[in-house]
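**Student:** Before anything else, here's the structure in question.
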Amino acid sequence: QCSGRVEVFYGQSWGTICDDGWDLVEAEVVCRQLGCGKALLATHGAYFRQGSGPIWLDDLSCKGTEAALSQCTATPWGRHNCEHGEDAGVVCTDETLILGCFLSSATLKTKERFAELLPVRLVNGSSNCSGRVEVFHKEQWGTVCDDSWDLTDAEVVCRQLGCG
(Lines of atoms letter the chains of each structure in order from A and count residues from 1; the text may use other names and numbers.)
(Lines give C-alpha, C1' and ligand atoms only; values in the text may rest on other atoms or scores of the structure.)
Protein backbone atom coordinates (compact mmCIF):
# COMPACT_ATOMS: atom_id res chain seq x y z
CA GLN A 1 0.00 0.00 0.00
CA CYS A 2 3.03 2.28 -0.22
CA SER A 3 2.60 3.00 -3.88
CA GLY A 4 -0.03 4.87 -5.78
CA ARG A 5 -1.31 8.21 -6.98
CA VAL A 6 -0.48 10.97 -4.50
CA GLU A 7 -3.42 13.04 -3.35
CA VAL A 8 -3.69 15.96 -0.94
CA PHE A 9 -6.63 17.13 1.13
CA TYR A 10 -7.56 20.80 0.87
CA GLY A 11 -10.82 22.72 1.19
CA GLN A 12 -12.73 19.59 2.25
CA SER A 13 -11.73 17.77 -0.96
CA TRP A 14 -9.09 15.31 -2.08
CA GLY A 15 -7.16 16.35 -5.16
CA THR A 16 -4.15 15.33 -7.17
CA ILE A 17 -0.67 16.74 -7.75
CA CYS A 18 0.47 17.58 -11.27
CA ASP A 19 3.65 15.83 -12.38
CA ASP A 20 5.34 19.03 -13.64
CA GLY A 21 8.71 19.04 -11.88
CA TRP A 22 7.81 15.81 -10.02
CA ASP A 23 10.85 13.62 -9.44
CA LEU A 24 12.52 11.38 -6.85
CA VAL A 25 13.15 14.32 -4.51
CA GLU A 26 9.43 14.99 -4.04
CA ALA A 27 8.61 11.27 -4.00
CA GLU A 28 11.19 10.77 -1.24
CA VAL A 29 9.42 13.37 0.91
CA VAL A 30 6.05 11.63 0.40
CA CYS A 31 7.49 8.22 1.30
CA ARG A 32 9.21 9.66 4.38
CA GLN A 33 6.07 11.47 5.55
CA LEU A 34 3.94 8.34 5.24
CA GLY A 35 6.49 6.08 6.93
CA CYS A 36 6.92 4.08 3.74
CA GLY A 37 10.70 3.92 3.51
CA LYS A 38 12.63 5.24 0.53
CA ALA A 39 11.28 6.30 -2.84
CA LEU A 40 11.98 3.86 -5.64
CA LEU A 41 10.09 5.69 -8.37
CA ALA A 42 8.36 9.01 -9.00
CA THR A 43 5.64 8.24 -11.52
CA HIS A 44 4.31 10.55 -14.21
CA GLY A 45 1.45 10.58 -16.67
CA ALA A 46 -1.19 9.14 -14.32
CA TYR A 47 0.74 5.87 -14.03
CA PHE A 48 -1.64 4.85 -11.21
CA ARG A 49 -4.72 5.94 -13.20
CA GLN A 50 -6.16 9.40 -13.46
CA GLY A 51 -7.67 10.99 -10.40
CA SER A 52 -10.95 12.86 -10.36
CA GLY A 53 -11.89 16.14 -8.80
CA PRO A 54 -9.53 19.05 -8.39
CA ILE A 55 -5.87 19.20 -9.33
CA TRP A 56 -4.66 21.00 -6.24
CA LEU A 57 -0.93 21.39 -6.81
CA ASP A 58 1.49 22.11 -9.61
CA ASP A 59 5.21 22.88 -9.80
CA LEU A 60 5.89 21.19 -6.46
CA SER A 61 9.44 21.83 -5.27
CA CYS A 62 11.15 20.07 -2.37
CA LYS A 63 14.80 20.14 -1.33
CA GLY A 64 14.70 16.48 -0.28
CA THR A 65 15.41 16.98 3.41
CA GLU A 66 11.82 17.84 4.38
CA ALA A 67 9.94 15.58 6.80
CA ALA A 68 6.63 16.35 5.08
CA LEU A 69 5.24 17.95 1.93
CA SER A 70 3.99 20.80 4.12
CA GLN A 71 7.60 22.05 4.10
CA CYS A 72 7.79 22.19 0.29
CA THR A 73 6.55 24.93 -2.03
CA ALA A 74 4.17 24.91 -4.98
CA THR A 75 1.94 27.20 -6.98
CA PRO A 76 -1.15 28.41 -5.08
CA TRP A 77 -3.86 25.82 -4.39
CA GLY A 78 -5.85 24.94 -7.51
CA ARG A 79 -3.69 26.91 -9.95
CA HIS A 80 -2.21 24.64 -12.58
CA ASN A 81 -1.72 24.04 -16.28
CA CYS A 82 -2.38 20.30 -16.10
CA GLU A 83 -4.95 17.61 -16.78
CA HIS A 84 -5.50 14.42 -14.79
CA GLY A 85 -3.38 12.64 -17.38
CA GLU A 86 -0.44 14.28 -15.57
CA ASP A 87 -1.25 13.03 -12.04
CA ALA A 88 1.85 12.25 -9.97
CA GLY A 89 2.47 9.03 -8.04
CA VAL A 90 5.10 7.21 -6.01
CA VAL A 91 6.49 3.75 -5.40
CA CYS A 92 8.14 3.40 -1.99
CA THR A 93 10.26 0.55 -0.63
CA ASP A 94 8.17 -0.40 2.41
CA GLU A 95 4.89 -2.11 1.55
CA THR A 96 3.85 -2.91 5.13
CA LEU A 97 3.35 0.27 7.13
CA ILE A 98 0.38 2.09 5.61
CA LEU A 99 -2.89 0.16 5.58
CA GLY A 100 -5.00 2.77 3.82
CA CYS A 101 -6.45 2.16 0.38
CA PHE A 102 -4.10 4.54 -1.45
CA LEU A 103 -1.61 7.27 -0.75
CA SER A 104 -3.78 10.22 0.07
CA SER A 105 -2.64 11.64 3.37
CA ALA A 106 0.03 14.03 2.18
CA THR A 107 -0.38 17.74 2.83
CA LEU A 108 1.50 20.68 1.44
CA LYS A 109 2.50 24.23 2.25
CA THR A 110 2.12 26.51 -0.75
CA LYS A 111 3.65 29.92 -1.13
CA GLU A 112 0.34 31.44 0.05
CA ARG A 113 -1.47 29.01 2.37
CA PHE A 114 -0.95 26.06 4.72
CA ALA A 115 -3.19 23.11 5.41
CA GLU A 116 -2.35 20.02 7.43
CA LEU A 117 -4.00 16.64 7.58
CA LEU A 118 -2.32 14.02 9.71
CA PRO A 119 -1.73 10.70 7.96
CA VAL A 120 -3.97 7.97 9.35
CA ARG A 121 -3.67 4.19 9.31
CA LEU A 122 -5.57 1.23 10.69
CA VAL A 123 -3.63 -1.58 12.38
CA ASN A 124 -4.44 -5.10 13.60
CA GLY A 125 -7.75 -5.22 11.72
CA SER A 126 -9.21 -7.97 9.60
CA SER A 127 -8.97 -5.80 6.44
CA ASN A 128 -7.47 -2.53 5.19
CA CYS A 129 -10.64 -0.79 6.32
CA SER A 130 -10.81 -1.99 9.94
CA GLY A 131 -8.56 -1.85 12.97
CA ARG A 132 -7.11 0.46 15.60
CA VAL A 133 -6.77 4.07 14.42
CA GLU A 134 -3.28 5.58 14.51
CA VAL A 135 -2.06 8.98 13.33
CA PHE A 136 1.39 10.08 12.20
CA HIS A 137 2.55 13.18 14.07
CA LYS A 138 6.05 14.56 14.71
CA GLU A 139 7.71 11.68 12.86
CA GLN A 140 5.97 8.84 14.75
CA TRP A 141 2.77 6.81 14.80
CA GLY A 142 0.49 7.04 17.84
CA THR A 143 -2.94 5.88 18.93
CA VAL A 144 -6.05 8.03 19.24
CA CYS A 145 -7.74 8.37 22.65
CA ASP A 146 -11.35 7.17 22.62
CA ASP A 147 -12.70 9.96 24.86
CA SER A 148 -15.71 11.39 22.99
CA TRP A 149 -14.94 9.14 19.97
CA ASP A 150 -18.12 8.40 18.05
CA LEU A 151 -19.47 7.32 14.68
CA THR A 152 -18.89 10.78 13.19
CA ASP A 153 -15.16 10.51 13.97
CA ALA A 154 -15.02 6.99 12.55
CA GLU A 155 -16.70 8.17 9.34
CA VAL A 156 -14.01 10.85 8.87
CA VAL A 157 -11.25 8.21 9.17
CA CYS A 158 -13.06 5.92 6.73
CA ARG A 159 -13.40 8.74 4.19
CA GLN A 160 -9.75 9.72 4.62
CA LEU A 161 -8.66 6.15 3.90
CA GLY A 162 -11.03 5.75 0.96
CA CYS A 163 -13.01 3.08 2.79
CA GLY A 164 -16.50 4.54 2.31
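Even glycines carry a Cβ here, placed using N, Cα and C.
All annotation found in TrEMBL is predicted automatically rather than curated by experts.
As annotated in TrEMBL:
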DISULFID  CYS18-CYS82  disulfide bond
DISULFID  CYS31-CYS92  disulfide bond
DISULFID  CYS62-CYS72  disulfide bond
DOMAIN    1-93  domain 'SRCR'
DOMAIN    120-164  domain 'SRCR'
**Student:** If we check Cα distances from CYS18 (disulfide bond), which of the disulfide-bonded residues CYS31, CYS72, CYS92 wins as closest?
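**Tutor:** Ranked by Cα distance from CYS18 (disulfide bond), first place goes to CYS72.
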**Student:** Work through the disulfide-bonded residues one by one (CYS31, CYS82, CYS92) and name whichever has its CA nearest to the CA of CYS62 (disulfide bond).
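**Tutor:** If we rank CYS31, CYS82, CYS92 by Cα distance to CYS62 (disulfide bond), first place goes to CYS31.
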**Student:** Let me know the model's mean pLDDT on the domain 'SRCR' (120-164).
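**Tutor:** Mean pLDDT, the domain 'SRCR' (120-164): 78.
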**Student:** Among the disulfide-bonded residues CYS62, CYS82, CYS92, which residue has the largest number of other Cβ atoms within 10 Å of its own Cβ?
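**Tutor:** Counting every other Cβ within 10 Å of each candidate, the maximum falls on CYS92.
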**Student:** For CYS72 (disulfide bond) and CYS31 (disulfide bond), determine the Cα separation and express it in whole Å.
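**Tutor:** CYS31 (disulfide bond) has its Cα 14 Å from the Cα of CYS72 (disulfide bond).
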**Student:** Quick one: Cα separation, CYS92 (disulfide bond) versus CYS82 (disulfide bond), in Å?
**Tutor:** 24
